[in-house]
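Feature annotation from TrEMBL assigns domain 'Alanyl-transfer RNA synthetases family profile' to 1-618. Annotation source TrEMBL lists Zn(2+) binding site at H478, H482, C584, H588.
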Amino acid sequence: MTTTELKKKYLEFFRKQGHSVIASASLIPENDPTVLFTTAGMHPLVPYLLGEQHPAGRRLADVQKCIRTADIDDVGDNSHLTFFEMLGNWSLGDYFKKEAIEWSFEFLTQVLKIPLEKLAVSCFKGEPKNNIPKDEESARIWQSLGVPKGRIAFLDREENWWGPAGQTGPCGPDTEMYYWTGKGAAPKKFDPGDKQWMEFWNDVFMQYNKTADGRYEELKQKNVDTGMGVERTTAMLNGQDNVYATDAFEPLLTAIAKLATKPDVRSTRIIADHLRAATFILGDEQGIAPSNLDRGYVLRRLIRRAIRHGKLIGITKPFTHVIAEAVIKLMHTEYPELQKNKDFIIEQLVQEEERFGETLENGLKEFENILKRKKKKIPPFSIPMASPGSATTDLTPRMEKYKDWDKKITGEEAFILFSTFGFPLEMTDELAKERGIAVDKKMFESEFTKHQALSRTATAGRFKGGLADHSEATTRLHTATHLLLAALRTVLGDHVFQRGSNITADRLRLDFSHPDKLTDAERQRVEEIVNEQIERNLPVSWQEMSLDEARTLSAMGVFESKYSQRVKVYTIGDPAKPFSREICGGPHVEAIGSLSHFRLTKEEASSAGVRRIKAILD
C-alpha cells in the first residue's frame, strides 16, 4: 500500500457516503492568531464546527497538510515527523456516532481488508464529577459490528477526550482504533498499555460545550471530527513500524544517500523530514521566508538543523535545493502550489544555505572554544593534609561550588552563538545535550528580549482572542481588512495580494506582496480611501457560488489550494461595480458605516517581497 493509494481509497469511500471532498487548507491558519501553523485536519474547520454553514455542505472529507514542531527533538526515530498529512471526515450537524463508527469499521475491514482479529478500540470511561456519562453507546455500536467485548477498553480524558481548543467551546469524547502489530495472534483481551497495539485513527464526537464556569452543556449541533495519519497508517498496513519506510520518504532518503559520505540513519531522516516541511512552508501561498520571528523562525530552524546534519553525514556541497526538488517532484500533483512556487522555494533555500554555510564552521569552533574556556576557569583541587588529632578538612562546600562547571552554557554565550553565528537556541541546546551539558534558556530569553520577540514553537500561543471568537470588535476589524486590501491595490497596483492576516479584537494585521516600503503619501492615501468607503456606508453582501464563478467575477482569494468547489464570496459596495470582492468564510458587518475611523499604526517588512501593516479602528 502506498500513501497515494491510501488517500485515494479513503476519499473515494467517503465520497460514496455523500461527503464533499475539499482541498487541503493552507499550512498558515487564516485569521487565527493563536497558532503559527495548521496542526490538525479540524483546525481550518473550527468556524463550521461552531455552527457556520460550510459552502460544500454538512459532510466533508479531505487530506490536510499539517506542521507540528513540539516534538522536533524526537524526529529521526521511527514515528515522529514535523510535516505530515492527515485524513479526515466530518459531520457538521449531520450524522453522529452510529454512522461514523459503522463507516470507520467498513472502511477498515472491507476497503483496507484489515482482519477483525487485528483490531481493538477504546471509548471514554465517563467523568461523574462533570456529569459526563460513560460512552456505552459507542461501545454498543462496536459490539454490534462484531468487535468482542474484550477488545473494547474504557479510558479516561487523557486518552479518549478532545477539546475544547481554548478555555471554552465545543468538545467531547472520542473512540480510538488500534491495530495489532505484534507477531502471532493478538491477545483476546485488549491492553492499551501494550505497545504492540498501535493507535492510528480516532472519531471525535463533539457533543458538549464547555462554559466559562466549567459546566458541560449538550450542543445543539453535534459534530463528528475524525483523524488518521497518512504516513503512520501506510507504514502499519505494510507491516512496518517506521514511517520513513513508506513511499513518502523513499525518493528523499535515496537522494540524501547519494550525497552523504558518512551515512547515519538518524541524521538522514532529520534532513528528509525537515526539508520536506520547509519545502511545504515555502510553497504555501503566503510567501513565508526564513527570519528570526514567528513562522519564519520555525522555518529557519528546520533548514539550519537540516544543514547541520548534512555536515555530520559528510555532505560538503549545497544540497537543500536538491532535496526540495525531490519533494516537489513527488508531491506536486496533489499540491500544485509546490510547482507554482518552485522558484521561490529554491531561491530561499539556496540563500539560507549560503548565509548559514558561511557561519556554521566558525560557530561550531566558537562552541568548542566556549567549552575550553570553561575548563580553564576551574582551579585544581588539592586535599590539605590533616594534622595529627584534627578532623579532615571538609571539601563539600568547595566541590559544590564547582560541581556544575561543565554542565551549563550561559544565556549570554548562547545568545552570542545566535546573534553572531546564526545558531538557533535549539541548535545550541542540541549540541550541548550531545556533550551532556545544559543551556541557560531563561537567561537567553532575557538577552533576546532586549532585541526582539521570539516565538519558539509552532504550537505556542501568542495572542488572546482571534477571529474564531466572532466578537463584534473582531468582526469589524475583519471587514476593515477587506477594505485595506482593496485600497492597497488601488494605490500600489494589481501586484498586491494578501499573504497573511492576524486579527484580534484590538487591531488587524495584514501581510501583502509589495517590494518597497510605503511612502508617507501612499500611507496617507490608503487611509483616505478606506475612510471614504466607511463614510459612504457601503453595504456588505455575500453569495455562495462555485469556485469557477467566483474567479469569473475576479473575486480575490488568499489560499487558492484550500477552496472547495462551493465558496462564499463577500462583496463590499454595488455588486455591479464593487469596491471589494473576496472569497472568504466571514463573518463581516452588514454595513461599512459601523466601522468608525480607520488608522494605520505601523508599516514594516515581513519577509522578502512582503510588507506588513497594522491598523486600528478609533
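Cβ coordinates come from backbone N, Cα and C, glycine included.
Unlike curated records, TrEMBL annotations are generated automatically.
H482 (Zn(2+) binding site) is surrounded by 25 other CB atoms, counting those within 10 A of its CB over all protein chains shown. Reduced to three states, the DSSP call for C584 (Zn(2+) binding site) is coil. For the recorded Zn(2+) site, residues H478, H482, C584, H588 set the reference point as the centre of their Cβ atoms, and the other residues of that chain within 8 Å of it by Cβ are T479, T481, V540, Y570, E582, G586, P587. Less than 8 angstroms from the CB of C584 (Zn(2+) binding site) sit H482, K568, V569, Y570, each of them six or more residues away in the same chain. Packing around H588 (Zn(2+) binding site) is summarised by its Cβ count: 21 other Cβ atoms lie within 10 angstroms of its Cβ, all protein chains included.
Around H478 (Zn(2+) binding site), taking its Cβ as the centre, 22 other Cβ atoms fall within 10 Å, counting all chains. Confidence annotation: the domain 'Alanyl-transfer RNA synthetases family profile' (1-618) carries a mean pLDDT of 85 in the model.
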